[in-house]
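Inspection log for the structure reproduced underneath, given as structure tokens.
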Amino acid sequence: MADPGDGPRAAPGEVAEPPGDESGTSGGEAFPLSSLANLFEGEEGSSSLSPVDASRPAGPGDGRPNLRMKFQGAFRKGVPNPIDLLESTLYESSVVPGPKKAPMDSLFDYGTYRHHPSDNKRWRRKVVEKQPQSPKAPAPQPPPILKVFNRPILFDIVSRGSTADLDGLLSFLLTHKKRLTDEEFREPSTGKTCLPKALLNLSNGRNDTIPVLLDIAERTGNMREFINSPFRDIYYRGQTSLHIAIERRCKHYVELLVAQGADVHAQARGRFFQPKDEGGYFYFGELPLSLAACTNQPHIVNYLTENPHKKADMRRQDSRGNTVLHALVAIADNTRENTKFVTKMYDLLLLKCSRLFPDSNLETVLNNDGLSPLMMAAKTGKIGVFQHIIRREVTDEDTRHLSRKFKDWAYGPVYSSLYDLSSLDTCGEEVSVLEILVYNSKIENRHEMLAVEPINELLRDKWRKFGAVSFYINVVSYLCAMVIFTLTAYYQPLEGTPPYPYRTTVDYLRLAGEVITLFTGVLFFFTSIKDLFTKKCPGVNSLFVDGSFQLLYFIYSVLVVVSAALYLAGIEAYLAVMVFALVLGWMNALYFTRGLKLTGTYSIMIQKILFKDLFRFLLVYLLFMIGYASALVTLLNPCTNMKVCDEDQSNCTVPTYPACRDSETFSAFLLDLFKLTIGMGDLEMLSSAKYPVVFILLLVTYIILTFVLLLNMLIALMGETVGQVSKESKHIWKLQWATTILDIERSFPVFLRKAFRSGEMVTVGKSSDGTPDRRWCFRVDEVNWSHWNQNLGIINEDPGKSEIYQYYGFSHTVGRLRRDRWSSVVPRVVELNKNSSADEVVVPLDNLGNPNCDGHQQGYAPKWRTDDAPL
């Protein structure tokens, strides 16, 4: 007998309808455990099936053993309503491929399932007996329904930005003691959590689920871990939500993340964030501050460096040792728009660092390669940034120590500028920018960078001080050495074996010539090794083009030393080695044609034709010769050992090439083919061919391909090379001329380098600590007819050179220097045109002259000495 307080029991022949169905059963009734127990009645025996169940065909959802296992698991896990477990199994269906997300959204496609409560509802029905309901029993309250969340559901919700679907997420996490950073909520391929997913799916710069996710993370106690959770795959390793917010240009989310404890020094080191030459796509310096700077977001840069929560340290370096200034140089591409924003951002960061860290100069920090931002710009050929750095002029007195260009005096359109030579010309103490420009052949536009002031005038000054005299002394010395070598080789004895005796005056003169030749060979050997190693040629192309003469001098010295060793050993083969050294020595005299523009351009043409056009021609021609020689020799009749005699049997000989084919025929035939190419050969071998027609046909095709085709192609290519060199002869010769100057300077000892150093020591202002700012500067007198005394921070109010000089240490032994007037003349900032747009930066890339203070190109000569002026 049933207890009146029990819930209603269904009769065996009735069907229990689920809540919310059209049966009219109240949706507020609880699911009776007795009905759940009756669901599995008669499962082991088929005799208890009702007629309704027996007549209904079995469907795919009637797997009773699986259903029993799911409900038993529900009881073990403590699910309040087992029907919820049935609904949760709907998310385990096959995943529909979603649209691709790139970049950084996902490396792989994952499925997205959107569940609608009215779709695909399936209810298990059980026939139970009808029992009258007790009108006195109150309906029990249903237990709360707990939503189930997993990665596909959560990622789909945040992608749509639906905050309503996140209801119940906090309860689910707290009930099951889970966190949003658990592995089950991460993308397996990248380790991405739902926060980066939400930031990558913004609508009009917003995603309303982001504050909700941060609130949930705070309540679950892992806010910092959730915000700073990085990507873990090799492609995007190290990237955090802060990087994504900056890349999406969302300052409000950047502020929100930083306020919640985001790491402002997180480093994104994945393959995607490497330079292009290393297989990456966008290198920005790994740090969030560098990313904001490289994407031209000054408002985010200001916030990261000045926020009250955690300030980004601008002095921080990435895994390559690069600062944010290095990163800006790395992304420069010499276009006008790119150069404009890079230079403005560069100055913003440099000035900001000076104000925040007065004792630090961000521009002097070296990376792992030992390069400052200026050196990096020179090495990578970023001419726009390079020109901006070396010509930077700051008129603000508080940050004037960051200037590299100072106006000493101005009078009308004429003004004298002082350029800071630190890092530009280091006088051998460390690697200088000038050496990087001259000896780094990977820069295609280095001849343009050498035309930027003050580099151009600095080279002219070096040539006037020591380059010209040293160069002509070297020319005379080398020619004398080669004349002595030639006379020594010409008057070698014809009889006897080496070493030859020295008896007469001529013999002693020959001995003196041999000693001088050996001495020059040893000298060239060590100097060539020094030049080849100290220049650090970056590749084979640099070695054979820029270092071609150093390589030829090295080979010449080796031949001279080997020839001397063979001579002393008594081997007559020394003569063969000596003649090669003699030829190569006279060819090396072309090196000294660099001193003159006319002959210097000619030597450059010869180098390019030898290493470019002629090399390719010889490669193809050699293949043709080997192929045709192999085929034609095969057609010749082999030689026999039978002797061929005259009619009187007096002269008997064994037949050889060209009468037949023997062991030496192939090499001799190669020489005959070369003679045919230049029109000097004959066809004596035709008589010994097995098939003369085939032989002649092959010879005709060979002559057409080599004499007609290849030779004319070589002539055309050489003409094109000569034309290209002629168009850029001036710039190319200047590069060779600069190389000659630096070669001479590097051959000097350190004390001579300092003695001939260009520039003067001047006091240009005050440093950050208030002490006099003394620098080694180079003076360039310039003229500007478009703007007159605009925004010029001048040092001296009296124009022209002073007649009073001071001496500073070692410099007084070289020459008198310009008087330091800082103690008597207070620097003034003359601002006569406050409406000039000083912020506009326009870098002329075609004609690299001196821009005026507004950045516009001048129509007149930017300096006193023009490029066409004689040296």
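The backbone N, Cα and C atoms fix where each Cβ goes, and this holds for glycine too.
Per Swiss-Prot, the residue from the list TYR110, TYR303, TYR502 bearing the note phosphotyrosine is TYR110. Considering the side of the membrane named for each residue in Swiss-Prot, VAL342 and SER687 do not coincide. Scan Swiss-Prot for phosphoserine across SER93, SER203, SER663, SER824 and the hit is SER824. Confidence in the repeat 'ANK 2' (284-313), given as mean pLDDT, stands at 93. The stretches the transmembrane segment (470-490) and the transmembrane segment (548-568) are not in mutual contact, being linked by fewer than three Cβ pairs under 8 Å (pairs 6 or more apart in sequence).
Helix, strand and coil counts from DSSP across the repeat 'ANK 2' (284-313) read 16 helix, 0 strand, 14 coil. Distance from the CA of TYR253 (phosphotyrosine) to the CA of ASP682 (Ca(2+) binding site) is 86 Å. If you look at the intramembrane segment (666-685), the same-chain residues 6 or more away from its ends with a CB under 8 A from one of its CBs are 621, 625-626, 628-630, 632-633, 636, 657-658, 699, 702-703, 706-707, 711. Sparsest Cβ environment among the recorded positions TYR253, ASP682 (other Cβ atoms counted within 10 Å): ASP682.
Long-range contacts of the transmembrane segment (508-534) within its own chain (CB-CB distance under 8 A, at least 6 residues past either end) are made by residues 481, 484-485, 487-488, 491-492, 502, 543, 547, 550-551, 553-554, 556-561, 564, 567, 581, 743, 746-747.
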